[in-house]
Amino acid sequence: MEAKGYTRDGTVDLHGRPVLATKTGKWKACAFLVGYEAFERMSFYGIASNLVNYLTTQLHEDTVSSVRNVNNWSGSVWMTPILGAYIADSYMGRFWTFTVSSLIYVMGMVLLTTVVSLKSLKPTCTNGVCNKASTSQISLFYVALYTIAIGAGGTKPNISTLGADQFDDFNPHEKELKESFFNWWMFSSFLGALVATLGLVYIQENLGWGLGYGIPTIGLLLSLFIFYIGTPIYRHKVRNTKSPARDMIRVPIAAFKNRKLQLPNDPSDLYEFEMQHYTSSGKRQVHHTTIFRFLDKAAIKDGNLDPSISSPCTVTQVEEAKLVLGMILIWLVTLIPSTIWAQINTLFVKQGTTLDRSLSPDFRIPAASLGSFVTLSMLISVPMYDRYFVPFMRQRTGNSRGITLLQRLGIGFLIQVIAIAVAYAVEVRRIHVIKVNHIVGPKEIVPMSIFWLLPQYVLLGIADVFNAIGLLEFFYDQSPQDMQSLGTTFFTSGIGVGNFLNSFLVTMVDKITGKDRGKSWIGNNLNASHLDYYYGFLLVISGINLGAFLWASSKYIYKKEIVDDNECCLPIEVKALDKSPLGLQV
């Protein structure tokens, strides 16, 4: 295969035929995928960045309800990829799962544009007094939103994974290109978000919500056209296991059945296929590690006491189960950072609506447009990270990525803690200005520029260059070979749970602090609330979570794969915060 110029990783075309390395994949294929990602992110952020304002100004929901509903929808968008990835890895493959899901996504966008455009589907107002939205109006709006969430479930985990599949890990040159892939993939995502937060938000508030949602709908249709143009040069991974999730579940079951057996002192005495099996099947052997030793009992050779099981689990199967457990540990400490990120499209926006947004006597900046500075800081930081920071650190650490994946996450989480500390300080300042100027009304403008919020947006943007991109790359890189679509859903589900967690926190804080007619921290009137207390609470839990992350990362052992019998492996004790290479990944 290799002598004839085919890819070494066994990738095929859409018809299952081996593909030539020179004519397929790499960045020429990714260009079409990146084009789709930019337009899709424009559509998503065109909705998400200003949804809280639509709910309060058009459907007349209160602050807590609107924040909760935005978080619940955003959480669903980021959680449904679990199902989409499972279907792709176990049944349909990435390309066809994406194809079906993208049609559902477009249907949702068309329905949403229709709902916000027709007057009969929106509440009516008379002399400045607006009626509440009817049950049918609310139902149609949320049906459209959650149709989009279902569609995103099949597109989000598979499009980025399909992009990463365009690079052959067995080709040193392509492997080097792949190390920059996720940086530039997220760059295109940020570009789409920038267009949404700068252009679409302004159009929605000044030219109409129908036009503001119609433009990204057309953009999404255009992006699908771009995606399918590239079909002949896409590479597709062959599924080596029919149901990788089922094989994963088998490991703890077998380990439990063998719990009374003694583990051998030498790991080489555990059950494993010969290297030739992996070479011929295209699957990679994973090196044994000492973490989660209790699972090793699933690979005891004489432990197969149940005649219904044909053979013990292999060391590779056990190690893949260990990888998933390790990723779950890291996933848990990403939930609080995702909760902080959820503030960008919710409380930060509502906070901005209370401030002076005038740039001239005739122009006011939409509060949600300040989110563009998150994107701008990302767009500036990604090239600097990839072109300057990585080469600089590579010379000092010997790591091809400059720093390890978990070091990258740690830096991002630290910057995020600083960002929420700045948000707390700015809110303290806003409350001080409110008291000095005796402001009490919910619609009174605080004589304080909205650009006071700028530092927290910029810091969160810089933090995302480290933790958002780092998380996507980490979960793809560390996932078992046949579960990489499902593996990337660790990234999306973390954001989803973070949104649900923020929804829960906002609801509980409002109930607890507002009971017995108390002064709620997050009331409908933010000028008479204590948002600073809530930000202070987030700051405390973020600091605690950073400590938990440092502990979890110190326990994590990176994946080490073996290509052939002559290939040596890195030491087993490769820890997250060491300045050593990440693991054998060729």
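Including glycine, each Cβ sits where the backbone N, Cα and C put it.
Annotated transmembrane segment per TrEMBL: 95-118 (among others), in sequence order. Same-chain neighbours of the transmembrane segment (95-118): 14, 40, 43, 47, 54, 58, 84, 87-88, 137, 140-141, 143-155, 158-159, 162, 208-210, 213-214, 216-217, 220-221, 224, 227, 234, 236, counting only residues six or more beyond its ends whose CB sits under 8 Å from a CB of the stretch.
According to TrEMBL, the feature transmembrane segment maps to 181-203 (among others).
Within the same chain, residues 32-33, 35-40, 42-43, 46-47, 50, 54, 58, 102, 105-106, 109-110, 112-113, 116-117, 196, 200-201, 203 sit at least 6 positions outside the transmembrane segment (209-229) and bring their C-beta atoms closer than 8 Å to a C-beta of that stretch. Feature annotation from TrEMBL assigns transmembrane segment to 209-229 (among others).
The transmembrane segment annotation in TrEMBL covers 323-344 (among others). Taking Cβ pairs closer than 8 Å, the transmembrane segment (323-344) reaches residues 49, 71, 74, 248, 286, 291-292, 295, 371, 374, 406, 409, 412-413, 416, 419-420, 423, 457, 460, 464, 467-468, 471, 474-475, 478-480, 483, 487, 490, 493-499, 501-502, 505, 538, 541-542, 545, 548-549, 552-553, 555-557, 559 in its own chain, all 6 or more past its ends.
Residues annotated as transmembrane segment in TrEMBL: 364-385 (among others).
The transmembrane segment annotation in TrEMBL covers 405-426 (among others).
The feature transmembrane segment is assigned by TrEMBL to 457-476 (among others).
According to TrEMBL, the feature transmembrane segment maps to 488-509 (among others).
Positions annotated as transmembrane segment by TrEMBL: 533-552 (among others).
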Considering the transmembrane segment (364-385), which listed stretch of 181-203, 405-426, 457-476, 488-509, 533-552 counts the most C-beta pairs under 8 Å: 181-203
Other parts of the chain folded back onto the transmembrane segment (533-552), taken as Cβ under 8 Å at six or more residues beyond its ends: 329-330, 332-337, 339-340, 343, 347, 409-410, 413-414, 416-417, 420-421, 423-424, 427, 506, 509, 513, 521-522, 577
Stretch among 181-203, 405-426, 488-509 sharing the most Cβ pairs under 8 Å with the transmembrane segment (457-476): 405-426
Same-chain residue ranges lying at least 6 outside the transmembrane segment (488-509) that approach it to Cβ under 8 Å: 64, 67-68, 71-72, 74-79, 81-82, 84-85, 156-157, 160-161, 327-328, 331, 334-343, 346-347, 471-472, 475-476, 479, 520-522, 534, 537
